[in-house]
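Okay, structure first, notes after.
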Amino acid sequence: MSNPSNGFDRPTLQPQGHSQTLVERAGARQITLKQYQNGIVELELALPPVRRMILSGGGAKGVAYSGAVAALENEGALAGIEMLYGSSVGAIMAAMIASGMNATEFDRLCDETNLLALLQSPNDSANWLQQLFSRVGEMAPEVLPGKAGSYTQLLLSVLPLVQSGAVPLLNLVREQARAAVLARIESARADSLSPQALAIKHKLDAGGVVTFADLALLGTLIPHIKRLSVTGTAMFEGRPQLVVFNADLCPDMDIAVATHVSAALPVVFQQPGSQGLSFQEDSELTFFQDGGVLLNTPVPQLIDPGSPVDLLSGSDMLIFKFEKSDTSDKRGSWTQVITDWAVGAPVSASREYQKRLLEAFADQFVIVPLKTEKGDFTTALNGTLNFVMTVEIKNHLQARLKQTVEAHLAARAKKRQCFYFASIDDALLNLTDVMLAEVLTQGTALPVRDIQAWRMQASELLRALEEGITLANSRSGLTFDALRALIARLSELAFDDARLGWLAQALNQPEKANFQQLLQIAGREESGSVVLSAAVAEMRRRDSRVIAGNIRRTVIYPSLHLLGQTSKNIDLLLRADQLLVRAETAEQINQALDLVIEGYGSRNPILSKPWRSTTIADAKAWRVR
C-alpha cells in the first residue's frame with residue numbers, strides 16, 4: 001500500500017543547497033532519490049503506465065477514436081489499460097473497447113456502421129418518412145455544388161430523426177458487446193477462467209446482456225476486457241443531476257442501456273427513461289439526457305472530487321478531448337441562454353466549470369485533431385451531427401488521431417515526474433511495495449527495510465481495527481472503549497509527521513466503510529488519539545473540498561452565465577470562486593459565501609440590490625453550520 005493523496009495538492013517544499021544522490025534510476029519507473037542540504041528529499045521517476053482512458057463526447061466525431069485504439073494496440077499499451085470512462089459517444093466507444101474489441105474490429109465497426117440507420121425509428125410509418133428524406137438528401141450534392149449540397153444532405157437526413165429513440169443504436173451496442181466478450185472468453189486459457197467467468201459465458205451464449213459487473217470480474221482474468229464507467233444526466237424536477245453508471249453503483253445494469261442513456265444527444269434524441277437504479281425509489285421512472293450535458297470529459301477526479309488518488313500514479317490517464325472551433329459564445333449571451341433552455345440544463349456554466357477543473361490535467365490530454373487539410377470538423381453540422389460522414393473522411397480523422405496518439409506516447413515515455421518530501425521516510429512511505437523492493441536492489445543505506453516492516457505492522461493493525469469495528473457493530477454498537485487498545489497501538493506507530501500522515505490517509509480510504517463510521521464518531525466525540533484527530537482533520541478537509549466544488553458548480557458558475565450579468569457581479573463571483581478553490585475548512589467556505597451574500601448586486605441597472613435573487617438564496621442555503 002502506498003500513501004494516497006487527494007490528487008490535487010501537496011505542501012510546497014523548497015530544496016536548498018547541494019544535493020546528494022541516494023538512489024539512481026531504480027526499477028521500472030527509474031526511481032531517483034536526492035537529498036538537499038536542508039533535508040528536503042527529491043523523488044524523480046518516469047510516468048506510470050497508462051491505466052485509464054477517458055473518452056469525451058462529440059457526436060459523429062467519435063469515429064476518430066478508432067485511430068487511438070490502433071495506436072495503443074500497436075504500441076502494446078491497450079492491454080495494460082484497466083478502466084475506461086466515457087460520456088455520450090465516448091461512452092459507446094468506451095463500452096466497445098471495454099468489452100475486448102480489438103483495433104481491427106473497432107475500426108470496421110466505426111467505418112461500416114451507418115450512423116443514420118442507428119437513429120431511425122422502429123415504427124414503420126416513421127421509418128418510411130425518414131428513409132424518403134435520406135434518399136432525397138443523397139441527391140442534394142449532385143444538384144447543389146460544394147458545401148451547400150453537403151449541408152442540404154445532412155439537414156434532410158438528420159431533421160426527420162429529431163426526437164428519435166435510437167433503438168437500433170441500443171441493439172448494436174448490446175450485440176457487439178456480447179460478441180466481443182464471448183470472443184475474448186473463448187480465446188482465453190480454460191484454466192484461467194473461474195466458475196463465475198464460465199457462468200457469464202453461459203449467460204451470454206443464451207442471449208443475455210453484458211453488465212458492468214461482468215466486465216469488472218472478467219477484467220481481472222482477461223487483460224483485454226476492462227472496467228467501465230459511463231456518465232448520464234438525470235432530469236430530476238428542479239435541476240438536472242450528473243449520474244454515474246459503473247460496477248460499484250449499478251453492477252447488474254446492461255452496459256448497452258447505460259451507453260444509450262449517455263449518448264442521448266439533447267433535442268436530437270428522445271430522453272430515455274429507466275427504473276430500478278440504485279438512486280431510485282422502487283417504482284420511480286427517471287428520464288435521462290446526454291452525459292456530456294453536465295460532464296463531457298468524465299475524468300474521475302471531476303466525478304468525485306473527494307476521492308483519493310495515489311500520488312505517484314495519478315498521471316496514468318489518457319484524456320481524449322476534441323479540438324474546438326475558434327469561435328465561442330460570451331458568458332450570458334442569448335445563444336447560451338437559448339441552448340440552456342432547450343436542453344433544460346446549465347450547459348454553458350457546466351462547460352466553463354469543467355474547463356477550469358481540467359486545467360490540472362492538461363499534460364494528460366490528447367487533443368483529437370479536427371481542423372485538417374480536408375476541412376474543419378469542429379462545428380456542429382460538419383462534425384457533431386455529421387452522421388453522413390464518408391468513409392474517406394472517417395479514415396482521414398482516424399489516421400490523424402493515430403499519429404497524435406503515437407506522438408503523445410513517445411513524448412510521454414521521455415517525461416519525468418518530480419516530487420518533494422520533508423524527509424527520507426516521507427518519500428519512502430509514498431513508494432509502493434514493488435518500488436521499495438526495487439530501491440532495495442541498489443544496496444542502498446536508506447531505511448527501506450524499516451519502512452517495509454513499519455508498513456506491514458501498520459497494515460496488520462488497520463486490518464485488526466476494521467475487524468474490531470465489525471465485531472463491535474454486531475454486538476452492542478461501536479464505541480471507543482471497544483477499540484481503545486487498537487487505537488492506542490496505532491498512535492504509538494505515529495511517532496513522526498510522515499507516519500502520522502500515512503495513517504490519516506489510510507483511515508480515509510473511501511472504500512473502507514468501517515473506518516468512515518469510526519471517523520464520524522471521532523468527529524463528534526473526543527477520542528484522545530493523535531491518529532484519529534489527524535484522520536478526522538483529513539476527512540473534514542476532503543469534505544470541505546467536495547462542498548466547495550459543489551458550490552462552484554451549482555452557484556458560482558450558473559450565476560456567471562446569467563443573461564445580463566453585471567461586470568461588478570462577475571468580479572465578485574470570481575473572487576468568491578478563488579476563495580472556494582483554496583477552501584479546506586467550513587470557515588473558509590462560509591467566508592466565500594458571505595462575500596456573495598453581502599456583495600451581490602442587481603442585474604437591473606435601476607436597482608442596487610435585487611428584490612429576489614436565486615444566487616443569494618443558494619449561497620445562504622450552502623453556508624456550513
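Including glycine, each Cβ sits where the backbone N, Cα and C put it.
Those TrEMBL annotations? Automatic predictions, nothing curated.
If you look up TrEMBL, you'll see Ser88 marked as active site, nucleophile.
As annotated by TrEMBL, active site, proton acceptor applies to Asp290.
The annotation domain 'PNPLA' is assigned in TrEMBL to 53-303.
Annotation source TrEMBL lists region 'Disordered' at 1-21.
Residues or ranges marked as motif 'GXGXXG' in TrEMBL: 57-62. Non-local neighbours of the motif 'GXGXXG' (57-62) in the same chain are 87-93, 115, 262-263, 265, 290-292, 296, 322, 368, 370, 377, 383-387, 389, 397; each lies 6+ residues outside the stretch with a CB under 8 Å from one of its CB atoms.
Remote same-chain partners of the motif 'GXSXG' (86-90), defined as residues 6 or more beyond its termini with a Cβ less than 8 Å from a stretch Cβ, comprise 54-62, 65, 228-231, 259, 262-263, 265, 290-292, 295-298, 320. If you look up TrEMBL, you'll see 86-90 marked as motif 'GXSXG'.
Residues in the motif 'GXGXXG' (57-62) partition by DSSP class (helix H, G, I; strand E, B; coil) as 4 helix, 0 strand, 2 coil. Counting residues of the motif 'GXSXG' (86-90) by DSSP class, helix then strand then coil, yields 2 helix, 2 strand, 1 coil.
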